[in-house]
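Going by Swiss-Prot, these are the annotated features:
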type	residues	note
ACT_SITE	Ser85	active site, nucleophile
ACT_SITE	Asp375	active site
ACT_SITE	His378	active site
COMPBIAS	44-64	compositional bias 'Pro residues'
CARBOHYD	Asn73	N-linked glycosylation site
CARBOHYD	Asn314	N-linked glycosylation site
CARBOHYD	Asn367	N-linked glycosylation site
REGION	41-69	region 'Disordered'
SIGNAL	1-35	signal peptide
Amino acid sequence: MLQDRVSGSLSSSKISRCVLFLSLFCFFLLTMHASANRLQRVPNPGPSPAPEPKPCPSPGPNPAPATTKRTHNTTFPAIFAFGDSILDTGNNDYILTLIKANFLPYGMNFPDKVPTGRFCNGKIPSDFIADYIGVKPVVPAYLRPGLTQEDLLTGVSFASGGSGYDPLTPIVVSAIPMSKQLTYFQEYIEKVKGFVGKEKAEHIISKGLAIVVAGSDDLANTYYGEHLEEFLYDIDTYTSFMASSAASFAMQLYESGAKKIGFIGVSPIGCIPIQRTTRGGLKRKCADELNFAAQLFNSKLSTSLNELAKTMKNTTLVYIDIYSSFNDMIQNPKKYGFDEIDRGCCGTGLLELGPLCNKYTSLLCKNVSSFMFWDSYHPTERAYKILSQKFVENDMGPFYDN
């Protein structure tokens with residue numbers, strides 16, 4: 001049994017390294033192509049950041065049912081997003097990392113087909129949630145140059161693709177650590193104070209909605225992917241460490257003035273296309289080991305946050321289950337209008353992610369709205385829309401009570 005486990009782990013690790021090598025190679029080709037294009041153009045003062053997408057209906061012949069409508073907002077003056085690629089609206093565009101999505105076909109369903117750094121074909125949960133609760137149609141990345149006062153006052157995303165609760169996770173891929181995201185948040189608060197004064201700034205921070213999504217990269221990449229922590233911890237100990245780190249982050253948000261804080265758990269990561277490919281065998285089944293780890297972490301995260309919430313005054317701190325909704329979509333795809341749930345729309349859909357999903361080497365599926373996954377790791381805009389609707393309809397109640 002131990003020999004089989006080690007053999008399987010080494011095999012998965014080799015595949016992961018192969019994917020990383022291909023990503024580096026494709027990134028090099030994309031960089032060379034972009035450099036060649038720049039040499040052929042008239043010089044300009046410097047690249048301008050891509051404009052934020054304008055609000056528009058979700059594309060495709062089979063849009064998700066619009067059961068959730070944007071309402072006039074009298075409760076949340078702003079939204080703040082922290083964590084990984086699920087909520088990253090473009091921060092990775094402005095740091096030195098390979099984990100980027102600022103090129104087509106990412107963003108292909110935004111107006112003018114502008115890729116903004118979101119790891120999706122369109123909007124992501126931070127955008128949908130902000131829109132549904134009446135804050136604004138899209139959430140800009142904090143590191144994006146040229147943010148207006150209005151952009152900042154209504155909230156931004158500090159999230160970074162590839163980050164996690166384990167400090168080692170962002171180091172491996174050069175993402176923004178959770179600790180640095182918190183530093184940016186505190187820096188942001190000072191900017192807001194400069195705009196509207198201390199009292200108004202404290203109101204915005206305390207009444208704004210803070211959403212945190214992380215943990216998937218810790219489990220899928222740091223622990224099981226590269227086995228960087230597997231030799232030091234068993235999965236029970238590691239998930240306890242993750243939950244403790246998450247609770248510490250929650251406390252620091254609270255101490256910074258946030259009073260409405262939601263932590264979204266980890267989805268069934270064993271069922272995402274790349275894990276089916278690398279760990280699911282010839283039949284590409286879900287990787288039960290990863291799904292078990294996700295559920296174990298979610299249980300500990302929920303318990304940790306519930307205990308911590310008892311110590312916080314006038315604060316709503318809640319755990320939000322995403323595993324059940326995500327799993328229901330996988331188990332009952334027709335219920336949600338999906339035809340494909342085990343591969344992504346980009347390329348073969350088996351391994352493509354980041355630089356491997358590009359307009360030069362990757363063909364796209366004919367009907368993206370029928371796919372649950374955009375690349376081998378991230379859901380499509382339509383899948384995100386459905387999940388965000390469920391969140392707003394089922395989990396927002398406690399935030400309105402405070």
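Just so it is clear, glycine is given a Cβ too, placed from its N, Cα and C backbone atoms.
In this structure, the CA atom of Asn314 (N-linked glycosylation site) is 30 Å away from the CA atom of Ser85 (active site, nucleophile).
For Ser85 (active site, nucleophile), the same-chain residues 6+ apart in sequence whose C-beta sits under 8 angstroms from its C-beta are Asn92, Ile99, Ala101, Phe119, Ala159, Ser160, Gly161, Gly162, Asp217, Tyr377, His378. If you take the Cα of Asn367 (N-linked glycosylation site) and the Cα of Asp375 (active site), they are about 14 angstrom apart, rounded to a whole number. Put plainly, the glycosylation sites Asn314, Asn367 were compared by Cβ crowding within 10 Å, and the winner is Asn367.
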